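Feature annotations, reproduced from Swiss-Prot:
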type	residues	note
BINDING	C6, C11, C39, C43	[2Fe-2S] cluster binding site
Amino acid sequence: MIVRVCMGSSCHLKGSYEVVRRFQELQKKYNFKLYGSLCFGNCSQGVCVEIDGRLFSRVTPENAEEILKKVLQNG
């Protein structure tokens with residue numbers, strides 16, 4: 001699984017650094033690759049995260065694990 005977190009200015013202002021830190025904590029448990037990314041073009045809905053090509057919006061440190069579980073369950 002590949003997780004890409006938007007590091008664009010809008011997402012940065014909305015907390016992308018904290019989201020990255022949360023995903024770093026979750027890496028050992030869920031075994032995925034984590035990358036920073038340029039803007040996904042959905043700035044008003046940030047923080048945006050792409051997981052295996054699927055875009056998620058309004059990602060927070062609090063809902064990051066729930067999103068990972070959803071992707072793993074639904075493929």
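In case you wondered, yes, glycine gets a Cβ from its N, Cα and C as well.
As the structure is a computational prediction, the values presented were derived from the model and not from experiment.
Cβ-based neighbour count (10 Å, all protein chains) for C39 ([2Fe-2S] cluster binding site) stands at 14. Excluding C6, C11, C39, C43, which define the [2Fe-2S] cluster site, the same chain contributes M7, G8, S9, S10, H12, S16, L38, F40, G41, N42, G46, V47, C48 within 8 Å (Cβ to the Cβ centroid), listed in sequence order.
Mapped onto three states, the DSSP output places C39 ([2Fe-2S] cluster binding site) in coil. A sphere of 10 angstroms centred on the C-beta of C43 ([2Fe-2S] cluster binding site) encloses 16 other C-beta atoms.
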